[in-house]
Ligand SMILES: Nc1ncnc2c1ncn2[C@@H]1O[C@H](COP(=O)(O)OP(=O)(O)OP(=O)(O)O)[C@@H](O)[C@H]1O
Ligand SMILES: [Mg+2]
C-alpha cells in the first residue's frame with residue numbers, strides 16, 4: 001500500500017512556518033509590557049519578598065482574614081463560572097441554531113451591555129436592587145411582599161451583578177465553537193440513527209468543549225480579580241482579594257498589599273497553566289492550528 | 001423481504017423533483033430499484049446525483065414527487081428513522097472520535113450490547129484494512145483511510161439500503177479495486193440495496209446491476225451495463241461510456257445509408273431525410289491492408305493512417321477517411337507483429353451490426 005504517512009508533511013510545514021515567523025514583530029509589545037507591566041510587577045514581588053526575610057509574605061499567609069478572603073474569592077469565581085455556563089450555553093446553542101436574523105439579534109443582545117462601562121452597570125444594579133429600587137417596588141406593588149427585601153449589599157447582589165457582567169465572556173466563545181461545527185456531522189449522526197438528544201450529547205456538546213473551556217477560563221480569571229461590582233453591590237462579608245489589596249493600600253501597608261497581589265497573580269497563573277494542559281488555548285480563543 | 005438473511009428493501013422514486021430557488025437540481029426522477037439491486041448513478045458534476053441521494057436519506061425534501069422504501073412512503077420520516085446507510089461525499093467522520101468509535105456510533109445509537117458491538121467493529125475495520133489504525137483520530141488518517149472508515153461506519157449496522165456518494169474517489173487504483181470487490185461481496189452476502197454514485201464509468205460498468213445516467217437533473221437512461229454500453233440511448237451516454245467514433249451518413253433509399261463513398265445496409269427505419277449520425281466503437285473496427293479481403297456483412301472504407309500509438313494490450317490508430325472524417329481504431333494485440341505506419345493506405349471494416357444510428361442525438 002502506498003498511502004503516505006499523513007503527519008510528516010504537515011509537521012514539516014508547521015516547522016517551516018514557525019522558523020519563518022519574524023520574531024521582531026513582537027518587539028513593540030514586549031517593550032511596552034517590559035516598561036509598564038513587568039517592571040512594576042517585579043518591584044511589587046520584590047516588596048512582597050521584603051528585602052529577603054520574606055516577612056510580609058509570611059504575615060499575609062498567616063493572616064486569617066486574608067485566608068478567608070482568598071477562599072471566598074475562589075468560591076465566588078467558581079459559582080460565577082458555573083452559573084454563566086449554565087445560563088450561557090443554552091443561549092449560545094439557541095443563537096447557533098437560530099436563523100441568521102434571529103442569531104444576529106441574540107448576539108447583539110449579548111453584546112449590548114459592552115456599550116456601557118462596568119461601573120455604570122453596577123450602579124444600575126444598585127438602582128434595581130435597592131430598598132426603594134425597582135424590584136422591591138414591583139414586588140410590593142404586586143402585593144407579593146409586605147416590607148422591602150434586603151437585596152443590596154448582600155452576596156446575592158454580588159452574584160447577580162457579576163453573572164450579568166460575565167455572561168458575554170462565556171457565551172461568545174461557546175457560540176463561536178458551536179458555529180464552527182460542520183453541519184454535515186449532524187446530518188451524518190442523524191443518518192446513523194441518532195435522536196436529537198443523542199446528536200446534542202455525542203456530537204455537538206463534545207465539539208463545543210473548547211469554547212466552553214475558553215469561556216470558563218476567561219470568566220474564572222476575570223472573576224477572581226474583580227473589584228468594582230462586589231465593592232458596590234456586596235456587603236462587608238463579601239470582600240474579595242482585590243478589595244483586600246485596596247484596603248491595605250489605603251492604609252499604606254504596601255508590603256502586605258504587594259504580598260496579596262503577588263498571591264493573586266500566582267493563583268491566576270496557576271489556573272491558566274492547569275487549564276492549558278487540558279485545552280489548546282490558542283485554538284479555543286479563535287486561532288487555527 | 002421474506003427471506004430474513006436478505007436485508008435489502010426496494011426503493012422507488014416517483015416523479016421526484018427538487019428546486020433550489022428558480023432552478024431544478026433534479027426533475028422528473030423516476031427510478032425503481034429492486035431489493036438487493038446495485039444501481040449506480042453516473043453523470044457529470046452538478047447533474048443532481050448527490051441531491052437525489054440526499055432526498056432518499058431525508059436531508060432534502062423533494063419539491064415534488066414521492067419516495068418509497070420497502071413499499072412505504074418515507075417523505076414524512078426523519079432521517080434517523082429511515083435506517084439508510086450513507087457514505088457522504090465529504091466522509092463526515094466525527095473528528096473527536098477514533099476510527100473505531102466512529103464505526104461503533106450507529107451500533108451504539110441502536111443500543112446493541114457492548115460485546116456484540118466490539119466484535120462487529122473489529123470485524124468491519126478488518127474488512128476495510130484498518131484494524132491497526134482503530135485508535136487513530138480522523139485527523140491522523142490519510143484521505144483514503146478516512147474514506148474507508150466512512151464506508152465501514154455506513155455498512156456496520158447492515159442497513160437495508162446503502163447510499164454511497166463517490167466512496168472510493170480518494171483511493172489509489174489497487175486499493176480501489178480491492179474495496180470495489182469488498183463492497184460487492186458485502187452487498188451480495190447481505191442482499192443490500194445499493195445506490196452508488198461514481199464519476200468512474202469503468203467502476204459503474206463493473207459493479208452495477210443497472211446504471212442510471214443523469215444529465216442536468218434528468219435521467220437519460222437506466223439499463224444494465226451491457227445495454228448502456230452497447231445500445232446507448234443517446235450520443236451523450238455513448239460518449240460517457242468508452243470511446244466512440246461519430247460518422248455522418250445520409251439515407252439512401254429504404255434500408256440503406258450512404259457513408260461517404262460507400263452504401264451500407266441500415267436495418268432501422270432511419271430518418272426520411274436529413275443526416276444520421278453513426279457511432280462505432282473503436283474496438284469494433286478492424287484495420288487491414290488495402291487489398292485484404294472484406295468479411296461478409298461488413299462495411300469497408302479506405303483510409304490513411306495518421307498516427308499509431310502502442311498502449312500495451314492494444315494499438316490505437318488515428319486514421320483519416322477519404323471524406324476527411326477522423327476515425328479511431330483500437331486493435332487488440334495477440335502478438336506484436338504487423339502494425340501499420342503513419343501515411344499507409346489501409347482498409348477499415350466493421351460488421352453492419354456494430355453501427356448505432358442517432359438522429360438529433362437520440363438513438364434512431
Ligand atoms: N443547497 C443548494 N442550493 C442551491 N443549489 C444547489 C444546492 N445543492 C445543490 N445545488 C445545485 O443542484 C445541482 C445538482 O447538485 P448535486 O450536488 O446534486 O450534483 P452532483 O451530481 O452530486 O455533482 P458532483 O458530481 O459534483 O458531486 C447543481 O447545479 C448544484 O449547484
Ligand atoms: Mg455530488
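Positions of Cβ are set from backbone N, Cα and C atoms, glycine also.
Of the given residue ranges A:199-228, A:229-258, TrEMBL assigns the label transmembrane segment to A:199-228.
Per TrEMBL, the stretch carrying the note transmembrane segment among A:53-75, A:76-98 is A:76-98. If you look at the transmembrane segment (A:76-98) against the transmembrane segment (A:105-126), you find at least three C-beta pairs under 8 angstroms, all six or more positions apart, and that counts as contact. Residues of the same chain lying 6 or more positions beyond the ends of the transmembrane segment (A:105-126) and with a Cβ under 8 Å from any Cβ of it are 91, 94-95, 98, 133, 152, 157, 160-161, 164-165, 167-168, 171-172, 175, 228-229, 232-233. In this chain, the transmembrane segment (A:156-178) does not touch the transmembrane segment (A:259-279); fewer than three CB pairs sit within less than 8 A of each other, excluding pairs fewer than 6 residues apart. Residues of the same chain lying 6 or more positions beyond the ends of the transmembrane segment (A:21-46) and with a Cβ under 8 Å from any Cβ of it are 258, 261-262, 265. Proximity of distant same-chain residues to the transmembrane segment (A:199-228), defined by a Cβ-Cβ separation under 8 Å and at least 6 residues beyond the stretch ends, is recorded for 73-74, 76-78, 80-81, 84-85, 88-89, 92-93, 118-119, 122, 162, 166, 169-178, 180-181, 185-186, 189-190, 240-243, 246, 264, 267-268, 271-272, 275, 278-281, 283-285.
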